[in-house]
Amino acid sequence: MNVIDTKLQGVRIIEPALHVDHRGFFLEIYNTKIYRTYNIEYQFVQDNHSLSKEQGVIRGLHYQVSPHSQAKLIYVLAGSIYDVVVDIRRNSQTFGHWIGVHLSAENKRQLLVPHGFAHGFCTTEPNTEVLYKVDKLYSPEHDRGILWNDPALGIDWPTDQPILSDKDTKHPLLRDADINFE
Ligand SMILES: Cc1cn([C@H]2C[C@H](O)[C@@H](COP(=O)(O)OP(=O)(O)O[C@H]3O[C@@H](C)C(=O)[C@@H](O)[C@H]3O)O2)c(=O)[nH]c1=O
């Protein structure tokens, strides 16, 4: 397994060990003991699975506020995404900075999103299925968002005409967002 740091502290790309044979492949999506050796020690409590039927679906940018802030471990089961993480910790030197990483069923990369970051993705193939673990349960009252195309962020999405949920068209800009992660 490889763990690659990014320019956002704590946001990491994980390349699980792949075991290939004549039948196909095997990999561990998550293993408490092995991940702990890389200082990845979240107590994941919920697994989520979404299907986006079209290429160019954007889901995001999402986060939950305290005390229900979530760390996420993102993995693609089918298709591919451009996965985006934005630092929304007010006291961070990289506040408002973002990174984008291509995750796909083919490259089998994972992205670790710590607490204090907003997360979203754009599908780059139809029929893309994303699986992700979170370390706090879903809490609709604490669910928040930031507008996907906030000019202050300048995210270089693969499309400028995305397919969005109604909710995701109505999020505030980062400057007006409710950010509470003490
Ligand atoms: C996120 C979530 C949603 N739901 C419900 C609420 C709603 O009826 C339906 C769809 O919810 P959403 O539109 O929020 O789903 P979606 O836009 O896919 O939201 C997800 O986006 C990605 C980018 C993330 O990072 C996730 O944490 C999550 O926010 O599923 C749950 O029951 N549990 C959950 O954990």
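A Cβ is built for glycine as well, from the same backbone N, Cα and C atoms used for every other residue.
Remember, TrEMBL labels are computer predictions, not curated facts.
Marked as active site, proton acceptor by TrEMBL: H62. For H62 (active site, proton acceptor), other Cβ atoms within 10 Å of its Cβ number 19.
Look at Y132 (active site, proton donor): DSSP puts it in a strand. Its Cβ taken as reference, Y132 (active site, proton donor) is surrounded by 22 other Cβ atoms within 10 Å in the chains shown. Positions annotated as active site, proton donor by TrEMBL: Y132.
Between the C-alpha atoms of H62 (active site, proton acceptor) and Y132 (active site, proton donor), the distance comes to 14 Å.
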